[in-house]
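Working notes, beginning with the structure itself.
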Amino acid sequence: MTKDVCGGGEEAALNWLCSRKRGCTSAIPNITWKERRVFPGHLVVPARVGGYSLPRRCSLLIRKEEKKHRFPAFFLEENNTVGKMSVFPKISLRLEVEKYLKEDFMNKEIVSAFGKQAAERKFEILLNHLSHPPSFTTVRVNTHLASVQHVKDLLFDELQKQFSGLNVPILQHPDLQDVLLIPVIGPRKNIKKQRCEAIVGAQCGNAVLRGAHVYVPGIVSASKFMKAGDLISVYSDIKGKCKKGAKEFDGTKVFLGNGISELSRKEIFSGLPELKGIGIRMIEPVYLSPSFDNVLPSYLFLQNLPSAVVTHVLNPQPGEKILDLCAAPGGKTTHIAALMRDQGEVIALDKIPNKVEKIKQNALLLGLNSIKAFCFDGTKALQLDMVKDAEGKPPFLPESFDRVLLDAPCSGMGQRPNMACSWTLKEVTSYQPLQRKLFTVAVELLRPGGVLVYSTCTITLAENEEQVAWALRTFPYLQLQPQEPQIGGEGMMGAGLAFEQLKQLQRFDPSVVPLRDTDIESLRDARVEDMIWLANKDCIGFFIAKFIKCKST
């Protein structure tokens, strides 16, 4: 559990802890304890504090309210939280991949600074978090067409319908004014499992845990007696072992909740290609999140919190020419255009045709006219011969853009929930060379004084901090810049970056908070600032670096 004793300092925090453990309400005399940083924001309290013995080691999680110039707020967290609130097993990885990731999180710099045991524990917590969904659903308001308050009111009415009058709060993020946060209710452990079952693929299962219904293409197996209108228990085949069309499955499966079948088994597996709609409508999911299927499509864009942070860090301005080098499906592209008030030029590139069409569709749906999307390989976007570029189409002349966003293709190891990843080590480690090719093009296309933002949705050192260290060595005219807003934690040790450089990075690491149950009662008692803090921490794994190009190349 976590206890907030904001403003009280170490003594108040430790008083609370000892009174809870020993029934003692008096102040602790002569507090003497060895402060030891385990990871940024954490302190470890010894097993004996002020003469009182504690049954288990506890950590002191510190959050500084720097903007308000207040004393630190202290959060006491029992250190036995690995798996405590888990309803799913930790993410299943190939042994070679898990070993590779463990070497990242237990590299020499980290072990030397914090100790082997603490580093190993943090890694195990991270693997456990990756299989569970974040604590909040995040949506971005299209401020080009409507005010945040207007959309918030419309969304409140929609949630009342979806949740049958359940009063789930909608929070506006204080540092990201166009972002709304909706708490996820769960895990709900009193759902009765049904005799009739359906098995869905792992990707479909992940979507269900984020609020989606089950679409027909995602259904792998169904009980032989399943009819339209039946109450169905839905399970995820996390290891991909279930055969399409099977009538039963006894392999590894994870319960996702109950739903109503829209079709019979015979209809689902009829082979008709036009069957692409909802196959099972979830009514009792283990994690209750709103469905955004065709909900306010011109006003809302479903987006993970760090993905919305990226565009604010880029800070696009009206009238600028901006490049989104790897743009699909267009969430950040449309966010850039909205922040520019649709004034200027946003060039979006992707090399897959149907993804480019998706960008165009999203721009049209959101009413944004400043976006030009092209099907083009970003690694070839630089025009090497100094001839005039063809009417604003790629490839482009050097130093053509005021700002460049490189949301790079990556291993995606920070995505949540993700219960199983079957990738080989070769696949996981294949992205670094491609990222460097794209980064080199981005630098060349950026004008002097321009801003380059690099981001990934992965947790590996090779794709994040190591790329920053490489960039600073390779391009001496690039300077790392502080980020605003700074919502994530600092960068991770292990790539040889200085502490001041690590502080200029943002690494979103969900393992910094324990998994927890959320129900309506706990939401009624929760403070808004604590919910915002939790949303900032318990999100997907993500990384952001911001550079400025100091001179022409």
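Placement of Cβ uses the backbone N, Cα and C atoms for every residue, glycine included.
Annotated features in TrEMBL:
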| type | residues | note |
| --- | --- | --- |
| ACT_SITE | Cys457 | active site, nucleophile |
| BINDING | Cys326, Ala327, Ala328, Pro329, Gly330, Gly331, Lys332, Asp350, Asp377, Asp407 | S-adenosyl-L-methionine binding site |
| DOMAIN | 225-550 | domain 'SAM-dependent MTase RsmB/NOP-type' |
(request) Could you measure between Gly330 (S-adenosyl-L-methionine binding site) and the residue listed as 'active site, nucleophile' for me? Cα positions, answer in whole angstrom. (result) 15
(request) List nothing but the largest Cα to Cα distance in Å, as a whole number, among the residues Cys326, Ala327, Ala328, Pro329, Gly330, Gly331, Lys332, Asp350, Asp377, Asp407 that the record says bind S-adenosyl-L-methionine. (result) 19
(request) Would you please pick out, from the recorded positions Lys332, Cys457, the one with the fewest other Cβ atoms within 10 Å of its Cβ? (result) Cys457
(request) Compute the C-alpha separation of the residue listed as 'active site, nucleophile' from Cys326 (S-adenosyl-L-methionine binding site), stating it in Å without decimals. (result) 13
(request) Output, ordered by sequence, the same-chain residues six or more apart from Asp377 (S-adenosyl-L-methionine binding site) with a CB under 8 Å from its CB, or 'none'. (result) Leu349, Lys351
(request) Take the Cβ of Cys326 (S-adenosyl-L-methionine binding site) and count every other Cβ within 10 Å, whichever protein chain it belongs to. (result) 23
(request) Using the structure shown, find which entry in Ala328, Gly330 (the binding-site residues) has the sparsest Cβ neighbourhood within 10 Å. (result) Ala328
